[in-house]
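Annotated features in TrEMBL:
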TRANSMEM  54-72  transmembrane segment
TRANSMEM  79-96  transmembrane segment
TRANSMEM  108-129  transmembrane segment
TRANSMEM  136-161  transmembrane segment
TRANSMEM  202-219  transmembrane segment
TRANSMEM  228-245  transmembrane segment
TRANSMEM  251-270  transmembrane segment
TRANSMEM  291-308  transmembrane segment
Amino acid sequence: MIFQNINKPLFVIAILFCLSPWGSPPAALLLGIVLAWTAGNPFKKQSAKATHYLLQASVVGLGFGMNAGSALKAGSEGILFAVCSIAGTLLLGYVLGKVFKTDRKTSYLIASGTAICGGSAIAAVSPVIKAGKKQISVALGVVFILNSAALFLFPVIGHLLGLSQQQFGLWSAIAIHDTSSVVGAAGSYGTKALEVATTVKLARALWIIPVAFLSAMAFKTKDAKVKIPYFIGLFVLVMLANTYLPVIQLAAPYIVTAAKAGLTLTLFLIGSSLSREVLLAVGVKPFVQGVLLWVATSVAALLAVISFG
């Protein structure tokens, strides 16, 4: 009640902080979570839509800071890791779902979000398998909670283990659920890590399409419509333009700065959605399943990257 009359001004002030030079991805995420648990998010519906489009626009903007040649090299090196990890994560998710006797569709959505690209994968797969609102909200809750933890934990672990920029970029792209936290964690680790992580993660996100079609077959759903992530194509076009059109390179640094600010704001909005209600709605079994699946994926990916990356 104490925050009821000032939650909107607080929210606006928090946004301004995130867009200031003092705003960083981890700080923005933490600030969003604090507001969600105290004043609450007064713009829940608007925040959900803004998060979706702002993340896509920010990722496209980051393309202005990347070179097509080096990005292609990074993406090609990470494709084998991506294929193996996606298949392994989906298989382990199926096994854990059986062990914990989790609702089949909820379990599959958690596995899909862990395997590919978090909330985007869940949003793409859920209509294909005809998932209900409860199943979707539980899966999103699990993924967003773990996704938030990864933003803080991964850079610390990377530095403790002495991972190179290339290794950390690959690891974060494979083991962190959502693109927002992948870019946030890799960006805090270094420029090369950001380039590798963004390219590999977006290449990985394209697997939404075949996985969605296979999901329709597995769940025997008819008239399934698959959402194609067109913004990835825009990212590639922007990266090519930045590499081969010198005139664009003049404005590129300013666009990249704006894109990073947009990403920071995206993480704040994600944090502001992690309220008590979201945590309580998740449930113990789905959450434990999600944690075990994420830890197994992260450890396996880390060992693979250290050995072969």
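Backbone N, Cα and C define each Cβ position, glycine as well.
Model, not experiment: these values are computed from the prediction.
Same-chain residues lying 6 or more positions outside the transmembrane segment (136-161) and placing a CB less than 8 Å from one of its CB atoms are 25-26, 29, 33, 106, 109-110, 113-114, 118-119, 122, 126, 167-168, 171-172, 175-178, 180-181, 184-185, 188-189, 267, 270-271, 273-274, 278-279, 281-283, 286-287, 289-291, 294, 302, 306. If one looks beyond the transmembrane segment (228-245) by at least 6 residues along the same chain, the residues whose Cβ comes under 8 Å of a Cβ in the stretch are 56-57, 59-69, 71, 120, 124, 202, 205-206, 208-209, 252. Of the candidate ranges 54-72, 251-270, 291-308, 291-308 has the most C-beta pairs within less than 8 angstroms of the transmembrane segment (108-129). Listed by sequence, the residues of this chain that lie at least six past the ends of the transmembrane segment (54-72) yet keep a Cβ under 8 A from its Cβ atoms are 179-180, 183, 194-195, 198-199, 202, 231, 234-240, 242-244, 248, 251-253, 255-256, 258-260, 262-263, 265-266, 269. For the transmembrane segment (291-308), the residues of the chain that approach it from at least six positions outside its boundaries are 81, 84-85, 88-89, 92-93, 96, 110-111, 114-115, 146, 150, 161, 163, 167, 170-171, 174-175, 177, judged by C-beta separation under 8 angstroms.
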